[in-house]
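Quick look at what Swiss-Prot lists:
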MOD_RES   Met1  N-acetylmethionine
REGION    1-20  region 'Disordered'
MOD_RES   Thr3  phosphothreonine
MOD_RES   Ser7  phosphoserine
MOD_RES   Ser9  phosphoserine
MOD_RES   Ser11  phosphoserine
MOD_RES   Ser13  phosphoserine
REGION    75-103  region 'Disordered'
COMPBIAS  81-90  compositional bias 'Polar residues'
COMPBIAS  91-103  compositional bias 'Basic and acidic residues'
CROSSLNK  Lys93  SUMO2 cross-link
COILED    135-171  coiled coil
REGION    150-169  region 'Disordered'
CROSSLNK  Lys179  SUMO2 cross-link
COMPBIAS  213-224  compositional bias 'Basic and acidic residues'
REGION    213-306  region 'Disordered'
CROSSLNK  Lys218  SUMO2 cross-link
MOD_RES   Ser264  phosphoserine
MOD_RES   Ser270  phosphoserine
COMPBIAS  274-306  compositional bias 'Basic residues'
Amino acid sequence: MDTPPLSESDSESDACLASDQELQDAFSRGLLKPGLNVVLEKPKKAVNDVSGLKQCLAEFRRDLEWVERLDVTLGPVPEVSETQPTPQNQDQKKGVNPEDDFQREMSFYRQAQAAVLAVLPRLHQLQVPTKRPTDYFAEMAKSDQQMQKIRQKLQTKQAAMEKSEKAKQLRALRKYGKKVQTEVLQKRQREKAHMMNAIKKYQKGFSDKLDFLEGDQKPVERSAKAGGKGQQMSKGPNAKRRYKNQKFGFGGKKKGSKWNTKESYDDVSSFRAKVAHGKGSRRPGKKGANKRPGKRARQKLKSKAR
């Protein structure tokens, strides 16, 4: 059975469906750019310019006199004044720190100086003048005086950095010292509080030994009799309280303090018969003289004083 040929409308719809599917696939892969355009990647071409490479090689191989080139190659140059190796010199041999301005500038200076010293004999052999004529007044980019100023400035900067580092270390040490001192003081306070609590317990009879004693001394143990006395004393007031009661009087509970007891009832040592029956040496009918003046006398004295 032969299939009927597709019409133009059917072919256009199939093309649209295919293009829509391609756009969806490109969008899912992230290849769509603004404007719904798909950027097609072009294949990279390997450039092999043989003639250009040969021309560069010919320029490298050009044999010129050294006077025309005046090139010299030197490695890292150590300081001349260094006789013994130091950790700083060993670090310089390993490599110059690009962040250190002083070290970097000094390496440039030493390398340039060594290159000049290596080239001068060869220039003298070739009879090339190396000194500036007297009528040549053009100065170089940086004179020796300017270089000396730069050197002094770099030295000052390095000294300031070292001073700042030392100050930081001192501050850190002081902070650590204060922290240690605070810990020591807190430890002493805790030990003192523990010792005072142990002494109070020992005095009140709650403990029979003192654990804070150190050294060769054995811990003091309370005997049975001492412990018994301590327990008995703990029931009543201590010596300080008894002394204050004796001096200022008992300031505690007053209710029932004047009640009679069996011991006070049987105690007749303070009984005086003459005083009880009024047979003392006092004269009857005479009372002690009243030293305070009367009301009228006080008013008269007050008016006279005005």
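Keep in mind that glycine also has a Cβ here, set from the backbone N, Cα and C atoms.
Overlay of Swiss-Prot annotations on the structure.
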residue: Lys179; record: SUMO2 cross-link; DSSP (3 states): helix
residue: Ser264; record: phosphoserine; DSSP (3 states): helix
residue: Ser270; record: phosphoserine; DSSP (3 states): coil
Positions on the same chain near the region 'Disordered' (150-169), where near means CB under 8 A and six or more residues out: 101-102, 105, 142
Cα-Cα distance linking Ser270 (phosphoserine) and Lys179 (SUMO2 cross-link), given in Å to the nearest integer: 71
Between Ser264 (phosphoserine) and Ser270 (phosphoserine), the C-alpha gap once rounded to whole angstrom: 11
Listed modified residues (Ser264, Ser270), ranked by Cβ neighbours within 10 Å, top entry: Ser264
